[in-house]
Amino acid sequence: MSKPTREEAKEAVRTLLKFIGEDPNREGLLKTPDRVINSYTEIFSGYGKDAQEILNTKFYDICNFQDLISLEGIKFTSFCEHHILPFNGTVHIAYIPDNCIIGVSKLARIVNIFARRLQIQEKMTLEIAESVQENLKPLGVAVKISALHSCMSMRGVMHDNSVMNTMYYTGIFAEQQKYRYEFLNLIAKR
């Protein structure tokens, strides 16, 4: 599949404006196609980034630390691949290192990469956990995402405050309940 030109993308926005009954030539909408393309370039910038590159900087043998490390409350906005409507929420990530750790900002950057793609929450949860697991090789990874979905509040069932939760565990978190409980108890205190 070849990528459309910027002009082709702008024409597609004009077509959508006509489809909803608007005049793309009226004053308030003249620059809308350009603005939409600029917004989409930023919003969907995760396609041009590789999680592995973010996780390449590792620290080995840092005080032999082998207990739970977590980053909680990572805010994100992503877009549902079914309706191209936003869903936003919070990600909590924990891992138990084996022989290396990463800088704390790297976990937030991983969330940004996957959130800035057309996405479903379940897949995003899995992608975050698996990218940390594959690149760090920790004893285990735990990820929980809680999000509000505009596709439920703006259309369809019209439920405003329904929160969807997804969790994914690898390694020791998947194998031993006590580690899952430790993670869930930690994030419950937020």
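We number each residue from 1, going along the chain as drawn.
Cβ from N, Cα, C; glycine included.
Copied over from Swiss-Prot:
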type: BINDING; residues: C80, H83, C151; note: Zn(2+) binding site
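Around the Cβ of H83 (Zn(2+) binding site), the number of neighbouring Cβ atoms within 10 Å comes to 15. Every protein chain shown contributes to the tally, and the Cβ of C151 (Zn(2+) binding site) ends up with 16 other Cβ atoms within 10 Å.
Each of F79, E81, H82, I84, L85, F87, H149, S150, M152, R155 belongs to the same chain as C80, H83, C151, is absent from that list, and has a C-beta within 8 angstroms of the C-beta centroid marking the Zn(2+) site. DSSP assigns H83 (Zn(2+) binding site) to coil in the three-state reduction, outside any helix or strand.
Under the DSSP three-state reduction, C151 (Zn(2+) binding site) is assigned to helix. Its Cβ placed at the centre, C80 (Zn(2+) binding site) has 18 other Cβ atoms within 10 Å.
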